[in-house]
Amino acid sequence: MTGHKSLSVDLGDRSYDILIGTTVLAAAGKLMQPLLKSDRVIIVTDENVAALHLARLERALDDAGLHYQSIAVAPGDTSKSLDQLGRLIDQLLAAKVERSTTILALGGGVIGDLAGFAAAVTLRGLDFIQIPTSLLAQVDSSVGGKTGINSRHGKNLIGAFYQPRLVLADTSILTTLPRREMLAGYAEVVKYGLIQDAAFFTWLESHGADLIEGDRPALERAVLTSCRCKAEVVAADEREGGRRALLNLGHTFGHALEAETGYGGELLHGEAVAVGMVMAFDLSVQRGHCPPEDADRLRRHLAAVGLPTGFADLPQRHWDAERLLDHMGRDKKVNQGRINFVLARGIGEAYIESDVKTEEVMALLTSAISQSDQLANENSAADMTSRATLGS
Ligand SMILES: NC(=O)c1ccc[n+]([C@@H]2O[C@H](COP(=O)([O-])OP(=O)(O)OC[C@H]3O[C@@H](n4cnc5c(N)ncnc54)[C@H](O)[C@@H]3O)[C@@H](O)[C@H]2O)c1
Ligand SMILES: O=C(O)C(=O)C[C@@H](O)[C@H](O)[C@H](O)COP(=O)(O)O
Ligand SMILES: [Zn+2]
């Protein structure tokens with residue numbers, strides 16, 4: 001008997017459940033068994049997660065009498081590449097997968113996106129199950145069926161909408177997640193409060209720090225609230241014809257920052273989204289649509305938990321507004337050459353705006369970059385002064 005919570009994503013004959021709790025990994029084999037087309041599964045994971053959690057999943061599959069093989073790829077966003085996708089599909093075919101074989105994605109968002117896309121295209125579609133192991137994957141990427149990889153032209157530009165058959169989110173697995181990754185996932189949790197749940201944002205202001213430290217009830221509440229929000233939005237607009245774009249709050253800016261830093265771990269997706277959400281709020285304030293106090297409140301909360309909020313907190317480089325704007329022009333929300341932005345009327349009230357002029361975005365980026373450059377200059381002048389004082 002597992003004491004988990006259950007939600008469902010209502011998509012007609014592609015509906016599926018999200019099971020959340022601390023015993024779902026141990027019971028994974030039995031929980032998935034009724035959905036399997038045969039007793040054969042292939043686990044796709046990354047090397048970090050394999051070392052920590054693969055044996056537990058294998059035991060759970062043994063308990064249900066399932067047959068499995070495992071494939072582990074290198075950790076990190078660089079694995080969301082065409083090369084890695086090709087290698088993974090080749091390994092699946094070499095293992096003689098059949099249409100009745102189910103893929104289990106055991107890992108963070110990288111594994112879910114990569115394995116989900118491989119499942120979507122191998123033999124024109126294998127069933128797959130998400131077993132998210134990072135906070136980000138438990139609150140966001142394992143739900144909703146966006147699968148895919150990055151291109152040299154930008155983030156997630158190659159992919160498919162392809163829904164999993166089941167999501168098993170075991171919050172006890174997060175105890176091994178490094179703090180930086182926990183924080184990155186937390187940025188996507190905050191996103192739900194900003195989009196449509198001001199009360200949740202207020203709750204996060206009091207409980208966010210505990211949640212990041214691994215407080216079980218707080219974590220479970222955050223995963224449940226986030227998944228509930230995502231499931232509802234996805235059920236209403238699976239293929240992002242409209243409302244689903246709200247889940248992209250902060251991502252137009254964030255993906256541009258990620259593209260600029262490369263996908264090698266210098267800047268994590270959630271960190272980029274944190275800065276991107278602040279920029280989206282700043283743009284909303286600049287347009288006169290959002291009270292400045294709400295943007296300040298967001299900035300204060302992200303900074304309080306230790307997330308970056310602007311260029312000054314990002315890896316140091318020559319940030320260039322034109323280049324960032326060029327990346328933003330490849331966003332999937334671009335329509336007839338215009339970028340659709342997700343903006344906010346305040347905390348808990350995001351909306352989609354198609355009428356943002358390039359000059360407005362340039363003005364915002366240029367001012368943010370120059371403020372950060374000025375701060376860096378002041379810091380380095382102060383540093384030189386203190387060294388000179390110490391040396392005298
Ligand atoms: N499909 C979607 O809807 C969606 C939503 C949000 C983000 N994403 C994508 O997800 C990716 C980011 O996901 P992520 O933040 O999970 O990154 P990730 O998959 O790279 O995982 C983060 C790191 O933590 C490690 N890890 C994962 N679980 C662990 C655990 N329990 N213990 C110890 N280490 C663990 C991984 O090995 C990795 O090094 C990005 O590529 C982003 O674009 C997709
Ligand atoms: O599920 C969605 O819809 C989202 O936008 C969730 C985002 O957090 C996620 O990063 C997603 O992968 C972004 O999608 P993209 O289409 O903008 O690449
Ligand atoms: Zn995201």
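Glycine is no exception: its Cβ is also placed from the backbone N, Cα and C atoms.
TrEMBL does not curate its annotations; it predicts them automatically.
The shown structure was predicted, so the numbers you read here are calculated from the model rather than taken from an experiment.
According to TrEMBL, the feature domain '3-dehydroquinate synthase N-terminal' maps to 71-182.
Taken from TrEMBL, the feature NAD(+) binding site applies to Gly109, Val110, Ile111, Gly112, Asp113, Thr133, Ser134, Lys146, Lys155. Annotation note: Ser134 (NAD(+) binding site) sits in a coil segment as assigned by DSSP. Counting every protein chain shown, 26 other Cβ atoms lie within 10 Å of the Cβ of Ser134 (NAD(+) binding site).
The domain '3-dehydroquinate synthase C-terminal' annotation in TrEMBL covers 185-334.
If you look up TrEMBL, you'll see Glu188, His251, His269 marked as Zn(2+) binding site. For Glu188 (Zn(2+) binding site), the count of additional Cβ atoms within 10 Å of its Cβ stands at 27 [all protein chains shown]. In three-state terms derived from DSSP, Glu188 (Zn(2+) binding site) belongs to a helical segment.
Around Ile111 (NAD(+) binding site), taking its Cβ as the centre, 30 other Cβ atoms fall within 10 Å, counting all chains. The least crowded of the binding-site residues Lys155, His269, judged by other CB atoms within 10 A of its own CB, is Lys155. Among the binding-site residues Gly109, Ile111, His251, the residues whose Cβ sits under 6 Å from any atom of ligand 2 are His251. The separation of His269 (Zn(2+) binding site) from Asp113 (NAD(+) binding site), Cα to Cα, is 13 Å. All protein chains considered, the CB of Asp113 (NAD(+) binding site) has 25 other CB atoms within 10 Å. When secondary structure is read from DSSP and collapsed to three states, His251 (Zn(2+) binding site) falls in the helix class.
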